[in-house]
Amino acid sequence: MGSNLSPQLCLMPFILGLLSGGVTTTPLSLARSQGSCSLEGIEIKGGSFRLLQDGQALEYVCPSGFYPYPVQTRTCRSTGSWSTLQTQDQKTVKKAECRAIHCPRPHDFENGEYWPRSPYYNVSDEISFHCYDGYTLRGSANRTCQVNGRWSGQTAICDNGAGYCSNPGIPIGTRKVGSQYRLEDSVTYHCSRGLTLRGSQRRTCQEGGSWSGTEPSCQDSFMYDTPQEVAEAFLSSLTETIEGVDAEDGHGPGEQQKRKIVLDPSGSMNIYLVLDGSDSIGAGNFTGAKKCLVNLIEKVASYGVKPRYGLVTYATYPKIWVKVSEPDSSNADWVTKQLNEINYEDHKLKSGTNTKKALQAVYSMMSWPDDIPPEGWNRTRHVIILMTDGLHNMGGDPITVIDEIRDLLYIGKDRKNPREDYLDVYVFGVGPLVNQVNINALASKKDNEQHVFKVKDMENLEDVFFQMIDESQSLSLCGMVWEHRKGTDYHKQPWQAKISVTRPSKGHESCMGAVVSEYFVLTAAHCFTVDDKEHSIKVSVGGKKQDLEIEEVLFHPNYNINGKKEAGIPEFYDYDVALIKLKNKLNYRQTIRPICLPCTEGTTRALRLPPTTTCQQQKEELLPAQDIKALFVSEEEKKLTRKEVYIKNGDKKGSCERDAQYAPGYDKVKDISEVVTPRFLCTGGVSPYADPNTCRGDSGGPLIVHKRSRFIQVGVISWGVVDVCKNQKRQKQVPAHARDFHINLFQVLPWLKQKLQDEDLGFL
């Protein structure tokens, strides 16, 4: 800060197994055969290739809007030659090439017409559907050919309502056999040669008018699900399961409850995480899978969901790291620690791919001893999330274990109560070597839900988990951010507010603040004077240029910057906090979200503490008597940047506070407690690390503790000893006595509670 002491102005049971292709990107110009096959003559016209599995396979890569013809992948055979380039009708091709992606035409469309008709459709082409008289259109009347070779929208269906079940439709690219829709009637679907059917090949009309299974589609080898498609479909299905548990616990499945469910001690969810550690995955993908799972565990926990976890890795044999029966299996932090300690090398000596054995390990955790079911067994919902390429090479067909699990859970045995809601098997295929037939066979088939996905690589899979988790119903939860690499500054600091005060003939002052509710921004009192008018105060949030209208500024009643002038202290910053009340309610979005405040119910949930947690216990958790890692957010070159600091709250606290005497105007203060009251937190200095310092424009911003993937504000930036940002540039070399002082929010809680009493924050 300035040398004249001017003030400173950031669930349910899952089984997750991973088998991937072990991708190594290999630029064409640098390619070297790592296997026994030569790379000579394998180029693709208009594209490139990359080696997989240490040179034992390769993938052809084409620009967006194109696909590799006639195949996407080739394998190195034992004879030392690459697999033949063959078309879908078994014709041999001399050289691979990149061809433009087309969308398939409708083979059949019942009870209506579509236009225009063409043998194929180019990207961006549109088709329209309409029904004959007496039939009603369901689905999308207009559909567009997308760059991934799929049609936008939903299957168009013309139905007259005459059947017991509605017409299940004919997805574009498929053929349907069967046109009777009476109870127990069935229809079957088929794909053209070379395409793979995803979903249910056979569907049966069931009691209640619903169809068994899920809508099929025909997939080409080059087709991948986008991260957005996967996230939306998976989250939609996942929410159905959570809502079902919520309803059984006696709660209505309200919109705000979908991600706030805390399961009772008997537990109605288990999560089994199963990772493949075989040769086919590769060390890099194994690490990426762990990262995805850690993120999933953290985020599920951050919503207040406390399922029990099982953790298994496998190759030739499975290894159980965490059992759902263990006392700590519902402790997300403990499970994450166990996951992080697993190494890819743990299965190095036995590196086959035995998916069946892995699922049997899960079955063993689901089952009960002596064949006597425990009380409440039939209320536990099971979800299996399996990430695999479907290329199991030993142990037999894993689908038999899925059948055994269904039998154990009494699923599909009673026509009137099939209990399908109690088991969901999601299968994620990762990479180009995915066997689409095998992964489709393992996945659940449920009406209007998707359980099988194919993503291009581990990077796309990480995108899925980011997009899947940050859905709109969580926007009101405090201290949550979107940490994705594509996120903007305000995705990563959605609480941050910029404040500007314009004073005629005196210029303007810039400060920061934090969104704490839909109507209030918390900042520093010294950013304003009693003469400032509401219209002269500008507040912006979410990175938007449009300023918010101000209703009033509320100062802490004990704040008085001139309170000790008679004692020779020119500026006194005790109780330096203020609340800006907005005229209009904020609409939360990913770039505008509240930060957590101490001693609120939201912070109790964020810290995963028991509901009975007291304010004192929160304080002990957030501000223990030691050096505390914290952060603040500063603007540098028009970008928001997090600065990591340490709050000196242990043996370094005294020396940190004594350095206040180096501030201009405080050099003659005999008792430093006259200016550094118990309401201040101190950062800065060079021990235990050299802390960055705040600048003038950082005043009023939040001092934050980042814990358990949530951000909790513990202080408000107030003043500093040294102006480290002279001439609008942060100095790299600063003295050891460069300290910053922040108002401790735990010390002003009565005022916060009074002013924010109508904001539904649940102060303790």
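From the backbone N, Cα and C atoms, a Cβ is placed for every residue, glycine too.
Noted in Swiss-Prot for the protein shown:
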- 1-25: signal peptide (SIGNAL)
- 35-100: domain 'Sushi 1' (DOMAIN)
- CYS37-CYS76: disulfide bond (DISULFID)
- CYS62-CYS98: disulfide bond (DISULFID)
- 101-160: domain 'Sushi 2' (DOMAIN)
- CYS103-CYS145: disulfide bond (DISULFID)
- ASN122: N-linked glycosylation site (CARBOHYD)
- CYS131-CYS158: disulfide bond (DISULFID)
- ASN142: N-linked glycosylation site (CARBOHYD)
- CYS165-CYS205: disulfide bond (DISULFID)
- CYS191-CYS218: disulfide bond (DISULFID)
- 270-469: domain 'VWFA' (DOMAIN)
- SER278, SER280, THR353: Mg(2+) binding site (BINDING)
- ASN285: N-linked glycosylation site (CARBOHYD)
- ASN378: N-linked glycosylation site (CARBOHYD)
- 477-757: domain 'Peptidase S1' (DOMAIN)
- CYS478-CYS596: disulfide bond (DISULFID)
- CYS511-CYS527: disulfide bond (DISULFID)
- CYS599-CYS615: disulfide bond (DISULFID)
- CYS656-CYS682: disulfide bond (DISULFID)
- CYS695-CYS725: disulfide bond (DISULFID)
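Nearest Cα neighbour of CYS682 (disulfide bond) among the listed disulfide-bonded residues (CYS76, CYS145, CYS478, CYS511): CYS511. Here the disulfide-bonded residues are CYS37, CYS527, CYS615, CYS725, and the one with the most other Cβ atoms within 10 Å of its Cβ is CYS527. Among 35-100, 101-160, 270-469, 270-469 has the largest number of CB pairs under 8 A with the domain 'Peptidase S1' (477-757). Rounded to the nearest whole angstrom, the C-alpha distance between CYS131 (disulfide bond) and CYS725 (disulfide bond) is 69. In the predicted model, the domain 'VWFA' (270-469) shows an average pLDDT of 84. In this structure the C-alpha atoms belonging to CYS191 (disulfide bond) and CYS145 (disulfide bond) are separated by 19 Å.
Spacing of CYS103 (disulfide bond) relative to CYS511 (disulfide bond) is 54 Å (Cα to Cα, whole number). Within the same chain, the residues at least 6 positions away from ASN122 (N-linked glycosylation site) whose Cβ sits under 8 Å from its Cβ are ALA100, HIS102, CYS103, CYS145, listed in sequence order. Secondary structure of the domain 'Sushi 1' (35-100) per DSSP (helix as H, G, I; strand as E, B; remaining residues coil): 3 helix, 28 strand, 35 coil. Here the Cβ of ASN142 (N-linked glycosylation site) has 11 other Cβ atoms within 10 Å, regardless of which shown protein chain they belong to.
DSSP labels the residues of the domain 'Sushi 2' (101-160) in these numbers: 0 helix, 25 strand, 35 coil. Long-range C-beta contacts of ASN378 (N-linked glycosylation site), restricted to its own chain and to partners at least six residues apart, with a cutoff below 8 Å, comprise LEU409, TYR410, ARG419, TYR422. It is 64 Å from the Cα atom of CYS205 (disulfide bond) to that of CYS511 (disulfide bond). A simple way to gauge crowding: the CB of CYS511 (disulfide bond) has 27 other CB atoms within 10 angstroms, across all the protein chains here. All protein chains shown were included, and the count of other CB atoms within 10 Å of the CB of CYS98 (disulfide bond) stands at 19.
Cβ neighbour counts within 10 Å, taken over all protein chains shown, single out CYS656 as the most crowded of the disulfide-bonded residues CYS131, CYS158, CYS165, CYS218, CYS656. Sorted by the number of other CB atoms within 10 A, the binding-site residues SER278, THR353 start with THR353, the lowest. When the recorded positions CYS158, THR353, CYS511, CYS615 are compared by Cα distance to CYS62 (disulfide bond), the shortest distance belongs to THR353.
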